[in-house]
């Protein structure tokens, strides 16, 4: 396919699972991921494509490092920004397909010159989380470098709306569906709660392209998305998440569409699927037809993997009968590894032999993986060396010098008896732990809960919290989950009547657990946003030796969630939520705390004497300073809206007294509201001079968005849609 296409051809560079930031702390492999991503972006510029389509997992970590974010932004800015005009005409309503502070396509922004737009969905590694439900793609979108689409706000009610693009006579409907937990999306498709929208004009002329990020194969009965669940009006599906490169499109005979699996651009696990040569694809769409040009990636580190069985391999025949055969077995295994290293180096040279640009490039160390099954007949034995020690023999020759070899025994039908006082692991978990290459946190949790039942804590949120703790490095995920679940159970039990309590609490606890489980599976229950409160740093604490004080577990005093409604005089009054700049709510909460505290504190003779002594002591002082001493803390709090609400409440409670009546907060000095009005008015005046809407571009002022409607599907189709709304335009 020529690099320059005709006026009716849309050229798209397709790539998935870049995993920028993978092994960035490894002294040898630290730069592999971003170098390959930079090569992909350079190919987009040199091949003169119209756009780049990324299928999720751009970053390896949910919270990418500054280095990873810097390298991605540098590569995007270097290769995707420029004066070359983008020939793609955007026909959708941007508010329907984009979210965030700038809900429009970046190459229509009058302040940014984008020559190659990048469209991306998120995967399971870079998915939204935390306060604000943001992800790394939101940062790239707000910087104008990426068009982040395919969000799934409700996992149990998914609406997939396309981005409508046109170049010449070719019309492209680009659908995106970001990653959802596989069991949940499988159930959502099964329950017919996924609706695809189609253009209302010239429906049959559009090339329908879908990109998603899910399990492609049945790892578990419901832990994947079947191709047959997708609607048959699609023309091509770009399948992310699977790392094996199967980039040649394959047609599904039942649905009629083609499926392309580009695979990852870097090996993140030492398995056979990662050893397939890595490619990216340039997809050329003309009308309703398409062509694929696959391009091998040159910066990928060569990877060779083998698996041998010592009992059947001719090179080890008879060694199991000899005593002290460890040295001989190690020697022959080293010869096999040397052959694999030579094979990997030859692969790299053959890929670069016709390239003049890479003559001065140093050949990288290869990735080598040798899986050895060393079980032997009864009465014989293969003695193998420690895998760490064996791998270190190849330091300076391989990139993975700590895990070159993996020894394992053949699984037998005999079961081991657990020692007294120790519980045996379930069979599935034991097998997963033995095969370290295929171990998965989700699989371990599911297998464990299949053998062990929970009485109070809900199972699905528990598994999600463990996954957040391990995969997303959220140190407080499990703690927050347990606190939320227990507090919900306690609140539910306190609301029970005496008759229900006498019947027994076990059934009610089980009912509450099922409700929490159901709410989580439907996406209604999320982990509460919490504000951490830290203790004061001890004197003499050395951050260089002991680390930052705020990162220590003993530094956290409490994790306070959003305040629950408090009762006042038999009436339920919701506690005020303190937000930055919300001064009225700040004082309202202080007043509310004072009232409730005063009511709860019992009045005794001792307290009355203390109050009288306090008033007598106060009377001896000057009256003006005494009044200011009460109002001063309020003034400081008003000036600093970022102060922790918990500290404010403690200060108010300490100063509270039974006989003291605080001044109502509504009698605040009038100049402060006046200043607030002025500060609010200034931004409005400035904002009228700046308009970042799509209509500012002169060439698009007369353009109208094409309406899209949900797909018309027959009654016996598995994707029956809800009735279309007549008054709403898409």
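Any Cβ shown, glycine's included, is placed from N, Cα and C.
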Remark   = From candidates 104, 213, 219, 258, Swiss-Prot puts in the same Mn(2+) 2 site as 57, 124, 241 the residue 213
Note = Among 186, 216, 243, Swiss-Prot assigns to the Mn(2+) 1 site of 17, 19, 57 just 243
Request  = Pop the Cα-Cα gap between residue 241 (Mn(2+) 2 binding site) and residue 57 (Mn(2+) 1 binding site) into the table, whole Å please.
outcome  = 8
Task = Between the Cα atoms of residue 125 (active site, proton donor) and residue 17 (Mn(2+) 1 binding site), find the distance and write it as a whole number of Å.
result = 9
Around the Cβ of residue 124 (Mn(2+) 2 binding site), the count of other Cβ atoms that are within 10 Å = 22
Ask   = Relative to the Cβ of residue 241 (Mn(2+) 2 binding site), which residues of the same chain, six or more apart in sequence, are found under 8 Å away?
value = 16, 17, 55, 56, 57, 123, 124, 179, 213, 214, 215, 216
Note = Judged by other C-beta atoms within 10 Å of its C-beta, the most isolated of the binding-site residues 19, 243 is 243
Key: Sparsest-packed among the binding-site residues, when each Cβ's other Cβ atoms within 10 Å are tallied, from 17, 57   = 17
Ask   = Taking the recorded positions one at a time (125, 213), which has its Cβ surrounded by the most other Cβ atoms within 10 Å?
value = 213
Note = Same-chain neighbours of the Mn(2+) 2 site, Cβ within 8 Å of the mean position of the Cβ atoms of 57, 124, 213, 241 and not counting those residues, run in sequence order as 16, 17, 55, 56, 122, 123, 125, 179, 214, 240
